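Take a look at the structure set out below.
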Amino acid sequence: MATRDVMVALLLAAVAASCATAQLQEKFYSESCPSVEEVVRKEMVRALSLAPSLAAPLLRMHFHDCFVRGCDGSVLLDSANKTAEKDALPNQTLRGFDFVERVKAAVEKACPDTVSCADVLTLIARDAVWLSKGPFWEVPLGRRDGSVSISNETDALPPPTANITVLTQLFAAKNLDIKDLVVLSAAHTIGTSHCFSFSDRLYNFTGRVNPSDIDPTLEPFYMAKLKSKCASLNDNTTLVEMDPGSFKTFDLDYFKLVSKRRGLFHSDGALLTDAFTRAYILRHATGAFKDEFFADFAVSMVKMGNTDVLTGSQGEIRKKCSVVNH
């Protein structure tokens, strides 16, 4: 544990300057709301003790927030005419919005009009990883909430069908490099996915829509197992574990699966087509460098959490995460 903590501390120092520039600070609420992390964690422990599978959706929500307009809580906003980010196709499978509101209400009770929904979601994502037996890291805070949420802007989200070129471009647009790409992809070590997010690999890889139109890069036995769960392209309800056997535990099994061509999404398999990402996967598929990966993940999460944030007098502190203040 000591070794991991030292590695995390050293690597986080490398991104501290960028956080300072963005006016984010680990002790941002030390005077105005010193109990914020305790309040969030209490709600997280309670929720995950009852429904541990909620961790992955909450982590995913933070990703989807940061990749569209930056980490400003815009993914949480409702729209009367269904044109907000949460209404867009890539976000229609997000879940946990009511839970985020519950956490925000608890934070409001402790510290009214002080902590942004963007910061609450960032803390939730960190605790989702840690409570799933993953790494812990200090979260720079001080984000403000945005007031704009547009469904059409979700094309900035990396799709599960993306190849390595598209993935690197979308990550680069958020100042995330190829190492961040492979590290953050390993978040797929927890959670489930609907069949429609990958069933084209099983039945319609080149557009011919027949059982022989398969993704040749997918390991055959794994493909057969997936076909037994996802019977057709029309399956919109079945859920499949992204990391079979340990989908509730944040570990290194994701790398083992991808190295064996058993990554669920095309975007997972695409990581084997680049020399750097392939080497990273093969190194961590050995399972011998857990502390190193955990430290890398912490650093990449801090970098992503610093994406295009609103600070200072920008934005607002929403009282409810689903609506702007009036």
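Cβ coordinates are placed from backbone N, Cα and C, and glycine is handled just like the others.
The signal peptide annotation in TrEMBL covers 1-21.
Sequence annotations record features per position, and here TrEMBL assigns domain 'Plant heme peroxidase family profile' to 23-325.
Counting only same-chain residues at least 6 apart in sequence, those with a Cβ under 8 Å from the Cβ of Cys111 (disulfide bond) are Tyr29, Ser32, Cys33, Ser35, Val36. The disulfide bond annotation in TrEMBL covers Cys33-Cys111 (among others).
Under the heading site 'Transition state stabilizer', TrEMBL lists Arg60. Over all protein chains present, the Cβ of Arg60 (site 'Transition state stabilizer') has 22 other Cβ atoms lying within 10 Å.
Neighbour list (His64 (active site, proton acceptor), Cβ cut-off 8 Å, at least 6 residues apart, same chain): Val75, Glu85, Pro90, Asn91, Leu94, Thr154, Leu157. According to TrEMBL, the active site, proton acceptor annotation covers His64.
Marked as Ca(2+) 1 binding site by TrEMBL: Asp65, Val68, Gly70, Asp72, Ser74, Glu85. Cβ neighbour count for Gly70 (Ca(2+) 1 binding site) (all protein chains, 10 Å cutoff from its Cβ): 21.
Marked as disulfide bond by TrEMBL: Cys66-Cys71 (among others). Around Cys66 (disulfide bond), the same-chain residues at least 6 positions away in sequence with a Cβ under 8 Å from its Cβ are Lys174, Met304, Gly305, Thr307, Asp308.
According to TrEMBL, the feature disulfide bond maps to Cys117-Cys321 (among others).
As annotated by TrEMBL, substrate binding site applies to Pro158. Sequence-distant contacts of Pro158 (substrate binding site), defined as residues of its own chain at least six apart whose C-beta falls under 8 angstroms from its C-beta, comprise Phe67, Val166, Leu167, Leu170, Phe171, Ser267.
Around the Cβ of His188 (heme b binding site), the same chain contributes Met242, Asp243, Tyr254, Gly263, Leu264, Phe265, Asp268, each under 8 angstroms and 6 or more positions distant in sequence. Taken from TrEMBL, the feature heme b binding site applies to His188.
Annotated Ca(2+) 2 binding site per TrEMBL: Thr189, Asp243, Asp251, in sequence order.
The feature disulfide bond is assigned by TrEMBL to Cys195-Cys230 (among others).
For Cys117 (disulfide bond), the nearest neighbour among the listed binding-site residues (Asp65, Val68, Thr189), judged by C-alpha distance, is Asp65.
When the C-alpha distances from Cys321 (disulfide bond) to the recorded positions Val68, Cys71, Thr189, Asp251 are tabulated, the minimum falls on Cys71. Cα separation, Arg60 (site 'Transition state stabilizer') to Thr189 (Ca(2+) 2 binding site), rounded: 12 Å. Distance between Cα atoms for Cys230 (disulfide bond) and Asp72 (Ca(2+) 1 binding site): 36 Å, as a whole number. Considering other CB atoms within 10 Å as the measure, the emptiest surroundings among the recorded positions Cys33, Val68, Cys117, Cys230, Cys321 are those of Cys33. Sequence-distant neighbours of Asp72 (Ca(2+) 1 binding site) (same chain, six or more apart, CB under 8 Å from its CB) are Asp65, Ala118, Arg143, Arg144, Asp145, Gly146, Asp308, Val309, Leu310, Gly315, listed in sequence order.
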